[in-house]
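In what follows, a structure is listed as structure tokens, so that the remarks can point back to it.
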């Protein structure tokens, strides 16, 4: 009976171990060896196309309102500095995205990178969060377009009757037909093909940028005529102090969200190793320059306390006798919203396609059109869902959930950079159909390794030892070079694994330290002493683990991981560490209500994963082999097929 209980315990322990390993299983980087079945996405995008997608997605209509609100309440004339600091903070994430996008240029963006570097369960939660972000973000943008169109036409009464918002008395719901129609138009445009949709995106984004350039040039001319009155104030350049400027940076940071949409089109890029980093870099640079120049002009044109919080730019021009400029500003806001809508709906079908390819979602979402080479079924599904939400729901209260998805993705991408540099995956999954080739290659390489070791041993010129020396173990003293050679060989095998273990533990400790520190910094309901104590402990853990990582050598396998020859993130581990810290703080600063809603969504996602994704994953029956065996196995299978 005792033996039976022991057997049951061992079986249970084995099942638990197998279940945990399945949660952290990692997939292979797509390479020349990976041949996908069916039709593929068309590689038609250039760096210019990617920049248009990124700029269009990033510069929404929010900047046309944000400059007034933030300048009045937080920064004053220092708004330009806040935009610069926020741009530099966003650049930390952009560097991380650029390296991973060039190493792993496939659809799925942060979900794809997380699956490769961290594991399946975390990747699923990131993908699930991004689905929420894109859906709610698209619906929220669409509902913001119709008021701006009405403003451009001179009032809601000038809109056609079928586009006007109206209330359903029985339900008390305000429906927005214009928003739903716009979502459907963009959806059908995305189904037409990536090159066609990117061309429209480029045109719309160009109109938006031209409107911003008009604001900069015309506003700068007016400010020069009036003497830049906004900067000649009693309170100086920092009326709200350094804290106000930093608070403004935290708010305007979200105006840089959108550059990650560039990585969503990675699989449709002609030269991903070069164009993806270029697209990300040019997107962020252009957006930062435009934001800073607009803020310089508007805050200098009108004193910050006199800015209208709802229409700051139009009001600033009207105050200087240019009422007609409101039409150009409104046109810029409308085109900005349209470009953002296209940018929000573009990545989601590709994300669903990537998750379906991996078996975590039904294969329905992975189908690619034979004519347009885009995932039409996924695009129509996401477009219909976003249109329904835009028609029936006021999703402004859910907009905070969009920020959670983005910040979680930014954080996990930075962690992936640390893992890639210090502890990249040593094994890759292969389908079980290659089992016979895996066994033969493993046996052949093991035999070759053993024969090489025997040859090296026989080549050592060992002088014959006397019996007395052998009995007393004095050979190692008389011939120390032999002892040194074998000890160095053992150390070479043990030291890399030991270094990897130290790196993994310190990456985990760093994340724990960041969590403790940011939680203490944002928990204003706790007593000051408790917050200070927790913050000190978190900071100590964070700094110690970061120092250890900085002292460790990065793994040599990083040079051959994924597609080589692309962009490399600089200043590792410090840059990814700063990225993790900033994004974690912003996550912790979100409201409790937002986190409750996000938690409900994530719990729903966990249930979907357990009931479907975990069971249907493409890695369920995969065989993991060392990366050194990979080329030999594919060569063996190719020669067998020939």
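Our numbering is plain: 1 for the first residue shown, then up by one each step along the chain.
Cβ from N, Cα, C; glycine included.
Keep in mind that this is a model prediction, so the values were computed, not measured.
TrEMBL assigns the feature transmembrane segment to residues 235-259, out of the candidate ranges 135-159, 235-259, 435-459. Range 374-392 is the one annotated as transmembrane segment, of 355-373, 374-392, 469-487 (source: TrEMBL). Cβ atoms under 8 Å from those of the transmembrane segment (398-420) belong to residues 92-93, 96-97, 99-100, 103, 109-110, 113-114, 116-118, 122, 125-126, 129-130, 132-133, 136-137, 140, 254, 257, 260, 504, 507, 510-511, 549, 558, 561, 569, 572-573, 576-577, 579-580, 583-584, 586-587, 590-591, 593-595, 597-598, 601 of the same chain, restricted to positions at least 6 beyond its ends. When Cβ-Cβ distances below 8 Å are used as the criterion, the transmembrane segment (594-612) is approached by residues 121, 124-125, 128-129, 132, 360-362, 398, 400-401, 403-404 of the same chain, each at least six residues removed from its ends. Ranking 168-191, 324-346, 503-523 by CB pairs under 8 A with the transmembrane segment (529-552) puts 503-523 at the top. Put simply, of 203-223, 235-259, 324-346, the stretch with the most CB pairs closer than 8 A to the transmembrane segment (374-392) is 324-346. Of the ranges 168-191, 235-259, 324-346, 503-523, 564-588, the one with the most Cβ pairs under 8 Å to the transmembrane segment (280-304) is 235-259. Among residues of the same chain six or more beyond the transmembrane segment (168-191), those with a C-beta under 8 A of the stretch's C-beta atoms are 138-139, 142-143, 145-146, 149, 159, 162, 197, 200, 338, 341-342, 345-346, 349, 369, 372, 374, 376, 379-380, 382-384, 386-388, 390-394. Distant neighbours of the transmembrane segment (203-223): 52, 55-56, 59, 229-230, 286, 290, 293-294, 297-298, 300-301, 313, 316-317, 320, 322, 325, 328-329, 331-332, 335-336, 338-339, 342; these residues of the same chain sit at least 6 beyond its ends, with a Cβ under 8 Å from one of its Cβ atoms. Mean model confidence of the domain 'Cationic amino acid transporter C-terminal' (567-617) amounts to 92 (pLDDT, 0 to 100 scale).
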